[in-house]
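Peer 1: Take a look at what TrEMBL says about it:
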{"type": "COMPBIAS", "residues": "1-16", "note": "compositional bias 'Acidic residues'"}
{"type": "COMPBIAS", "residues": "35-49", "note": "compositional bias 'Basic and acidic residues'"}
{"type": "COMPBIAS", "residues": "191-201", "note": "compositional bias 'Basic and acidic residues'"}
{"type": "REGION", "residues": "1-49", "note": "region 'Disordered'"}
{"type": "REGION", "residues": "157-201", "note": "region 'Disordered'"}
{"type": "REPEAT", "residues": "81-114", "note": "repeat 'TPR'"}
Amino acid sequence: EEEEEEEEPLEVEEADPNVIPEADADVSPPQDMGDAAREPSEADYEKGAEAKGMAMEMMGNGDLDGAIKHYTTVVSLTPSALVYANRGACFLKMKKPLAAIRDSSKALELNPDSGKAFKVRGKAYAMLGKWVEAARDIGQGQNIDYDEDTREVQKVVDGKMDAKHKRDAHNKAVEERRAKKRQEKLRKQRAKEEKRAAAGG
């Protein structure tokens, strides 16, 4: 009997310590998304502008929870693509990429050309290890509004994508070789059985 050859292993992606597990990637309860169809009053615009100023100041001081609270006030009073993108960027800093994706996706519904929203969503996908989505959104955001900080993230994502393509090509070749070996084994087995049958036995 021929010895069974050890099967060539498939390559798997190494665990990335920077990838956030989905269980830790969201806020609970999910953020208030406001009503983008609502018509703000003059008073809403005044309160919204004040809350936006507070949110930006708090974000600058590193008080992310406070910034989120004020951005959520702005979202409820005067929702806009920029406000959703800014709150999404804040969630990104808090390492809550699922919340950031919700906000940046809402921003893109309101303004499909928001470079900031694409970049926030792309970075959020990168935090989740979703390299294909990250590459797509970051590339789109950089085409609209290029910045060096995002370029650094883009380089990491591009490296992950290259590694994924190489891994996929390797695994496809391994699967093809395995299939060929199985077919060859079956062909030999059939030939042996036919020979045995022809010999009458």
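Backbone N, Cα and C atoms are what each Cβ position is placed from, and that goes for glycine too.
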Peer 1: So which residues does the repeat 'TPR' (81-114) touch in its own chain, when a touch means Cβ under 8 Å and the partner is 6 or more beyond its ends?
Peer 2: 20, 22, 24-27, 30-31, 33, 36, 52, 55-56, 59, 64-65, 67-68, 71-72, 74-75, 120-121, 123-125, 127-128, 144
Peer 1: Provide the three-state DSSP residue tally for the compositional bias 'Basic and acidic residues' (35-49): helix first, then strand, then coil.
Peer 2: 8 helix, 0 strand, 7 coil
